[in-house]
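Database features, via Swiss-Prot:
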- CYS177: active site, S-palmitoyl cysteine intermediate (ACT_SITE)
- 147-197: domain 'DHHC' (DOMAIN)
- SER325: phosphoserine (MOD_RES)
- 108-129: region 'Disordered' (REGION)
- 45-65: transmembrane segment (TRANSMEM)
- 76-96: transmembrane segment (TRANSMEM)
- 191-211: transmembrane segment (TRANSMEM)
- 235-255: transmembrane segment (TRANSMEM)
Amino acid sequence: MYVVTPPQRSGFGSDCDLRVYQTWKGSNIFCLQGRFIFGPDVRSLGLTISLIVAPVTIFCIFVASKLMDDFSDSWGVSIILVAVVFTIYDLILLMLTSGRDPGIIPRNSHPPEPEVVDGNTGSGTSQTPRLPRVKEVEVNGKVFKVKYCDTCMLYRPPRCSHCSICNNCVERFDHHCPWVGQCIAQRNYRFFFMFVFSTTLLCVYVFAFCCVYIKKIKESEDISILKAMLKTPASIALILYTFISTFFVGGLTCFHLYLISTNQTTYENFRYSYDRHSNPHNKGVVDNFKEIFFSPIPPSKNNFRAMVPRENPMPSRSVVGGFMSPNMGKANDDIEMGRKGVWAMAEHGDGKDGNNNERFHVNDNELNELSPDMGNIVNGDEQINRPNNHPRNANWEMSPEVMALSARRA
C-alpha cells in the first residue's frame, strides 16, 4: 500500500508564485498582468472603438478640413480640435467603463455554515444541514431578502446579481453591456452613463457641422440643396450614420436619466415594477443624482495582482495499486460551479497474500436499492464472511453447479 502523489506542474518554482488573476474562477479576461479586467466578450470593444473613430476620421478629412476655408483660422482649427478632443474623451470613458472592476464580490472557497436543519428528528434518522435559499437582512432600517448563490457560495447583498456571462456576483448590477464587453455595476456605472452621453453629443456635433457644410456649398455655388448634397457624399453618409446612432445612444441616455432619477437599475426596472412609494432605494431626484455622480466610488474588493498560495490539490488517498478515481476532478468542478457533485470513489486492494478484493465506498441507500443483501455483502468497513474454520489464504473454487450454469450461458 502506498500513497499516489499528484503530478507536479512544471514552470512554477514556489508555492506563492501565482497572482489572483491567474487563479480567477470567473470568465473574465485580464490584460497587463491583472491591471485591466474585461468581460469574456471583450472583442466587441474593438468594434465599438472603430464605430467611434472611423466616422470622426472621415469627418475631419472630408468635412472639417473644408470648413477651415469658410471660417477664420482660429474657428476652422477649433472645429477639428473639438472633434478630436471629444473623441479622445469619449474613448477614455469607454476604457474606464470596460477595463475596471465593476464591483465583483469575491466568491467563497467553501459554503457558509448552514443555519437550519432539514430532516426528521426522530431516533435513528440522520439530520441533513441545508442552507436556506433566501434570508432576510436589515439594512438602514429596511428589510431586504437576499438569495444564496450556488456558484459563488455566498449570500448576495441587496441589489447584487450574478452575471451569467462573466460568472461573477456583482454589486448594484445594472446589466452586461456587449458593446463595452463588461458588466455595468456599482464601480463603473458613472463612467458608462458619461460615455453614452458624450457619444450622443459627439454624434450631434458631427451631424450639425455636416449640415453646415452642405449649407455652405449651397450658398457659395447658388445651387439647390439636393445638388449640394450630391457634391459631398461623405457628409450624407455621416448625417445618416449619426442620425441613426443618435436615435439609439440618445434613447439610451434618456432611459438611464430616468433610472438615475428614480434610483433604479436596468435589472430592477425589467424585473420589478416599482412605483414612487415602493422603491426602497429612491431618495429623491436630487439625492439620487448625487449618489451616482458625486458619491465616492467604493474601492475594489479584489486585488488581482496580489500573490496567493497555489491551491493544494485534492488530499492524496491511501490507494492500493496506484489508482485514483477519475471522477474526483469532476466533483471539484461541480462544487465550484454550484452543482451538486455525486460520485463514488473506488479503492482497489492488492494485498500481499494474493487476494484481490475490491472495496467500494458507496452509499448504503444505493446498495439497498440494488439488492437488500448487497449492503451486507459489499461495505467499505466489512469483509466477505468466511467460515470460521476456513483458512485465510485458501482458494475459493466454484461449485460444479455454478460452473455448469456459466458454461450453459456461454
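Yeah, the Cβs are placed from backbone N, Cα and C, and that goes for glycine too.
Sorting each residue of the domain 'DHHC' (147-197) by its DSSP state yields 9 helix, 17 strand, 25 coil. Averaged across the domain 'DHHC' (147-197), pLDDT in this predicted model comes to 96. Non-local neighbours of the transmembrane segment (45-65) in the same chain are 38, 76, 79-80, 83-84, 87, 90-91, 94, 98, 179-181, 199, 202, 206, 209-210, 213, 232, 234-235, 237-238, 241-242, 245; each lies 6+ residues outside the stretch with a CB under 8 Å from one of its CB atoms. Every protein chain shown contributes to the tally, and the Cβ of the residue listed as 'active site, S-palmitoyl cysteine intermediate' ends up with 22 other Cβ atoms within 10 Å.
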